[in-house]
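A.B. asks: Below are the structure tokens for one structure; questions will follow.
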Amino acid sequence: MKALILVGGYGTRLRPLTLTVPKPLVEFCNKPILLHQVEALVKAGVRHVILAVSYMSELLEREMRAQEQRLGIKISLSHEKEPLGTAGPLALARELLTDNQEPFFVLNSDVICDFPFDDMLKFHQQHGREGTIVVTKVEEPSKYGVVVYEGDSGRIHRFVEKPQVFVSNKINAGMYIFSPAMLRRIQLRPTSIEKEIFPVMAEEGQLYAMELQGFWMDIGQPKDFLTGMCMYLQSVRQQAPERLRAGPGFLGNVLVDPTAVIGQNCTIGPNVTIGAGVVLEDGVRVKRCTILKGAHIRSHSWLESCIVGWSSSVGQWVRMENVTVLGEDVIVNDELYINGANVLPHKSITDSVPEPRIIM
């Protein structure tokens, strides 16, 4: 089986992290976002993954060649010369997707969940139509485009953009499975699959919805990245609790790379991910944070709801909070207060940042 992953975007919502690393390679819970998806696809029997790429594709290609060997699969890159939206990339990769008549998966690159690929395939084969989209339940449907479908069969009737009156609380979760016949609908030009292709398929009775069980998050921006981390760690707690760090000083769900070094009298958690080679000195307090590879947090600093970029350094007695994001190789001097700052790569912070802002 095959899968196409849409990784062509610039990752602007996840800046400053994506200024130096393409979004699919940003580590989410100590593994690149893309690998969470690819490994789940391989588990479900996918043997050929096609990446629809544009931005920073050399870095992606290098990383994926190594993974190709490790996972024993084929990975192809389909290069967009211009942005093709969410449907155009399927037309661009048409030849790769249609060399047999098997259905294929399509994924948005920002989605994290308990990927239900086996269930999707079964459901798709049962109804026998051209397309299946996974839907997930949300608390505030008025913020999203919702999917209206028959509860028993899953047949989709229509899509409603940001409804002011309740019609459904199910939204498109960014995971699809299609039969190759569906590709005849798409031309090689910038096209939105959600706005231009799906409504026509639904009208013709060719599109079905499968409801996702378990957690789901679009982790394309920092606050959602952190929320998604909390959900993912809770899922690890339920399915593989031995992967989480326990013991004195660790509270709740904490994932620590074995190469990280943690000093005395630290309090870590709940909901913390600590990457490879990270150093936390004595007396550090961290909650609801992701600390990426090679970062160094000096003694007695206090971090909550932050993402600390690769090889960044946070001084002593610093307080950082409110979705502060440090890009790669940022230095924060001692005894500063950082509130909701977005700090671009390779910057040094010498003064406190009392109000949320971008530091360039």
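Yeah, the Cβs are placed from backbone N, Cα and C, and that goes for glycine too.
So Swiss-Prot lists the following for this protein:
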type	residues	note
REGION	2-222	region 'Substrate-binding domain'
BINDING	Asp110, Asp218	GDP-alpha-D-mannose binding site
BINDING	Asp110, Asp218	Mg(2+) binding site
ACT_SITE	Lys162	active site
REGION	245-360	region 'Hexapeptide repeat domain'
A.B. asks: Fewest other C-beta atoms within 10 angstroms of its own C-beta: which of the binding-site residues Asp110, Asp218 fits that?
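C.D. replies: Looking at the binding-site residues Asp110, Asp218, the Cβ with the fewest others within 10 Å is that of Asp218.
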A.B. asks: What count of other C-beta atoms do you get within 10 angstroms of the C-beta of the residue listed as 'active site', across all chains shown?
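C.D. replies: Total other Cβ atoms inside 10 Å, all chains included: 10.
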A.B. asks: Take the region 'Substrate-binding domain' (2-222) and average the pLDDT across it for me.
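C.D. replies: Mean per-residue confidence for the region 'Substrate-binding domain' (2-222): 87 out of 100.
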A.B. asks: Please classify the secondary structure at Asp218 (GDP-alpha-D-mannose binding site) using three-state DSSP.
C.D. replies: strand
A.B. asks: Expressed to the nearest Å, what is the distance separating Asp218 (GDP-alpha-D-mannose binding site) and the residue listed as 'active site' at their Cα atoms?
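C.D. replies: About 17 Å separates the two Cα atoms.
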A.B. asks: Between Asp110 (GDP-alpha-D-mannose binding site) and the residue listed as 'active site', find the distance joining the two CA atoms and give it rounded to the nearest Å.
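C.D. replies: Cα-Cα, rounded: 21 Å.
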